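Visitor: Structure in structure tokens, see below.
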Amino acid sequence: MKIGIIGAMEPEVAHLIAAMTNATSQTIAGIEFIAGTLAGKDVVVTRSGIGKVAASIATTLLIEKYAPDAVINTGSAGGFVDTLAIGDIVISSEVRHHDVDVTAFGYEIGQMAQQPAAFVPAAHLVEAANKAIAQLGEVKAIEGLICTGDSFICDPIRTQAMLKNFPTMAACEMEGAAIAQVCHQFGVPFVVIRSLSDNANNDSPVDFDSYIVKAGYHSALMVMLLLEQLNPSAIK
């Protein structure tokens, strides 16, 4: 069993890479892929870069070159749930694009043409994540809708517009749905796990800079605990 792990930024993958053993590195198209062992599993970790195009390129290369049995997207996100604090975690129940609109052709808001409206993570990955929650200590984790777009959301007016379109949205970020769409295309199971770095409001730029390391650590911890819970026989 081999697991691909993708984070957009250095703080989102640094703790994972530091915990790996037997690590080897290969750079393809300017993207570094680090293969090794983490939490007893064979993994390939990569820093994709920020945004949907960068994430799509990295995910495609990861799948084509390393053939992972599953892909985990880790990192930070803006939060939309009042009961969650900065550093808490959202496990994807589904992932959607929040900045796609081809409704003129009969699609749902957020649904790309010829794609599903929502990308649903693999049940065995979500199950492993939920089993790991008990080991997080004071960090809270929930399942919820994660939305993706090529914007850093810090405008309350835009936040309200997004919630009108996606009232159950728990978090937003800039890569997850792109990674999920590539995994869907290749038939590779995925899950998105995000720790909150901000609350998608006017304070978000300051909060993000202050808390990205904390969010990256919590998300990485969740990934490692998930890997420990993951049953190789569950991989499909």
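Including glycine, each Cβ sits where the backbone N, Cα and C put it.
Positions annotated as active site, proton acceptor by Swiss-Prot, on the basis of sequence analysis: E12. Per Swiss-Prot, the feature active site, proton donor maps to D198; the stated evidence is sequence analysis. The substrate binding site feature in Swiss-Prot is assigned to G78, I153, M174, E175.
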Visitor: What other residues of the same chain, not counting G78, I153, M174, E175, have a CB atom within 8 A of the CB centroid of the substrate site?
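Guide: Neighbours within 8 Å of the Cβ centroid, excluding G78, I153, M174, E175: A77, T148, G149, S151, F152, C172, E173.
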Visitor: Provide the number of Cβ atoms within 10 Å of the Cβ of E175 (substrate binding site), excluding the reference atom itself.
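Guide: Other Cβ atoms within 10 Å of E175 (substrate binding site): 31.
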Visitor: Taking the residues the record says bind substrate (G78, I153, M174, E175), how far apart in Å are the two Cα atoms that sit farthest from each other?
Guide: 13
Visitor: Any idea what the Cα distance is from I153 (substrate binding site) over to the residue listed as 'active site, proton acceptor', rounded to a whole Å?
Guide: 19
Visitor: Could you find out if DSSP has G78 (substrate binding site) as helix, strand or coil?
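Guide: Strand, per DSSP.
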Visitor: Provide the three-state secondary structure of E175 (substrate binding site) computed with DSSP.
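Guide: DSSP call for E175 (substrate binding site): coil, neither helix nor strand.
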Visitor: Minimum Cβ neighbour count within 10 Å among the recorded positions E12, G78, I153: which residue?
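Guide: Comparing Cβ neighbours within 10 Å for the recorded positions E12, G78, I153, I153 has the fewest.
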Visitor: With every protein chain in view, how many other Cβ atoms are within 10 Å of the Cβ of M174 (substrate binding site)?
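Guide: That number is 23.
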Visitor: Using DSSP, would you call E12 (active site, proton acceptor) helix, strand or coil?
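Guide: Looking at the DSSP assignment, E12 (active site, proton acceptor) belongs to a helix.
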Visitor: Whole-number Å only: compute the distance from the Cα of E175 (substrate binding site) to the Cα of E12 (active site, proton acceptor).
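Guide: Between the alpha carbons of E175 (substrate binding site) and E12 (active site, proton acceptor) there are 12 Å.
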Visitor: Taking only C-alpha atoms and a 10 A limit, tell me which of E12, G78, M174 are near D198 (active site, proton donor). These are the recorded positions.
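Guide: Cα within 10 Å of D198 (active site, proton donor): G78.
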Visitor: Taking DSSP three-state, what's I153 (substrate binding site) in: helix, strand or coil?
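Guide: Reduced to three states, the DSSP call for I153 (substrate binding site) is coil.
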